[in-house]
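Read through the structure below, which is laid out as structure tokens, and then see the notes.
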Amino acid sequence: MARILITSAIPYINGIKHLGNLVGSQLPADLYARYMRGRGHEVMFICATDEHGTPAELAAAKAGKPVEVYCAEMHEIQKEIAAGFRLSFDHFGRSSSARNHRLTQHFAGQLAENGFIEEVSERQVFSVADNRFLPDRYIEGTCPNCGYDKARGDQCENCTKQLDPTDLINPRSAISGSTDLEVRETKHLYLRQRALKDEIEAWIDSKTDWPVLTTSIAKKWLHDGEGLQDRGITRDLHWGVPVKKGDQPWPGMEGKVFYVWFDAPIEYIAGTAEWADANGKTEADWERWWRTDKGAGDVRYVQFMGKDNVPFHTLSFPATIMGSREPWKLVDYIKSFNYLNYDGGQFSTSQGRGVFMDQALSILPADYWRWWLLSHAPENSDSEFTWENFQASVNKDLADVLGNLVSRVTKFCRSKFGETVPAGGAFGEREHQLIAELQERLAAYESCMEAMEIRKAATELRALWVAGNEYLQSAAPWTVVKTDPERAQAMIRLSLNLIRLYAVISRPFIPDAAASTMASLGCDDWSWPTDVAAALERLPAGHAFTTPDVLFRKITDEERAEWQTRFAGVRT
């Protein structure tokens, strides 16, 4: 049994996330966590809300609430919606936790002690109208790289180029909209990433199995232009982790907080400690996941994130870990994603464009969305959500293929043999051919899941469903029963067991449908079907079941048109 540590990029607190956020981190991480648990491995799956920085302050101000109150409320909302999508976190924490405060300050102290922190006097934008320095995200303007007119002072969300506020064309305050800005001098702490470049580069070069997307972004940031740069890790904000050197004051840094991208990844570790606190565990229980000197040496650590988060996870966070000179666990594999676009444009939280997680759950259950998003995950290139494609995929894959098989088998059995698994005779050549095909396809599915090739895994899973449908169609028990009832019983016995097999292997993608199917079958044996032939004997003759309701209903043209119109505008 392996030990798998899984983290998803933690979502910003500034509002409910859209489907593009979901498919770029949390949902594929959940798929992998569920699969690994299903195979019997020990899994620790951690996520949290990212509560510090400019987005939190701006969103709270817009909502007319103190930032602490706003963050507490939004954490509960995001937690509830995540549960609605059946995201199976072992813990969903908060980057504003006391654990993360202490751990962030600890790392900063270690970095300073080891010579990897430098105090820098710099010129920063000051808003006369707002009477304050404006951190990166408090400044908006036109991107000098692509011309996008709502670029932020730290990064353009359109082209992903990292920026400094002074790079922006026609900059303005995100608080007041004022263009009355000045550049004044202030002091900040910088993480000396350049001093760690050789270590970081050697580490990245050792990751020969990483996706091309991850590696290419990391190496681009290492080598393009002037190469890896030192990074400011403090900000002039009111809300965040106060700057301390361990548990001691940091002279000259009074009133400042750590940059959100410094403390946010540390929450992966702190969140695991929060899990221990919440579940009556000891320090050793969480340290065995993170400290290589305390049991984490055999842990495989996998991160999931959108491509815009890759630079921070391949460079800045590893620099923090390495520079601490303490035995913390570094990531083994980073699964990164391109963007999911929406009907010809981009999903956007800040602009309210697209379908958001709460809206999605208000019109259809989670499994419909999980299946479409995962089977269209933007792995090798950007992908696009359209309502036509969504309708077609749900209707064909879920309703016509999987749902139809479950319905036909259970209803036919009920009408001819009652709601118990029939006995029948031995399996014939047709059944043995199916078993061989299923065994081969199951191996392909497992291989894709192990490799985190999500779209390919969905394709292989669908092929497994199709194989069962093709068998049922060619075996035609509804015809055979007229002349050879015992043979028809054997076919249905196999088919009922096949439904259980499908529930088990489909659970990572569609957990609710899997659970309801197993409940209808009166079965709680979720053991993985390593041996397909044995798995197809799991429900013995005489085992009682109940005919389930429709597993997946079809989306009508009228519904599709109505939703397309409803979500064509901007969420306010």
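Note that Cβ sites are derived from N, Cα and C of the backbone, with glycine treated the same way.
Counting same-chain residues at least six beyond the ends of the motif ''HIGH' region' (11-21), those with a Cβ under 8 angstroms from any Cβ of the stretch are 47, 49-51, 55-56, 58-59, 70-71, 74-75, 77-78, 81, 306, 339-342, 346-350, 353-358, 360, 369, 373, 385. If you look up Swiss-Prot, you'll see 11-21 marked as motif ''HIGH' region'.
Taken residue by residue with DSSP, CYS156 (Zn(2+) binding site) is part of neither helix nor strand, so it is coil. Around CYS156 (Zn(2+) binding site), the same-chain residues at least 6 positions away in sequence with a Cβ under 8 Å from its Cβ are CYS143, ASN145, CYS146, TYR148, LEU163. Per Swiss-Prot, the feature Zn(2+) binding site maps to CYS143, CYS146, CYS156, CYS159.
The motif ''KMSKS' region' (346-350): residue composition by secondary structure is 0 helix, 2 strand, 3 coil, according to DSSP. Here Swiss-Prot flags 346-350 as motif ''KMSKS' region'.
Per Swiss-Prot, the feature ATP binding site maps to THR349. Within the same chain, residues at least 6 positions away in sequence whose Cβ sits under 8 Å from that of THR349 (ATP binding site) are TYR12, ASN14, GLY15, LYS17, HIS18, ASN21.
Looking only at the motif ''KMSKS' region' (346-350), the predicted model's pLDDT averages out at 80. CYS143 (Zn(2+) binding site) falls outside any helix or strand according to DSSP and counts as coil.
The Cβ of CYS159 (Zn(2+) binding site) has 13 neighbouring Cβ atoms from other residues within 10 Å, across all protein chains displayed. DSSP labels the residues of the motif ''HIGH' region' (11-21) in these numbers: 3 helix, 2 strand, 6 coil. Take the mean position of the Cβ atoms of CYS143, CYS146, CYS156, CYS159, the recorded Zn(2+) site; other residues of that chain with a Cβ within 8 Å of it are PRO144, ASN145, GLY147, TYR148, ALA151, ASN158, THR160, LYS161.
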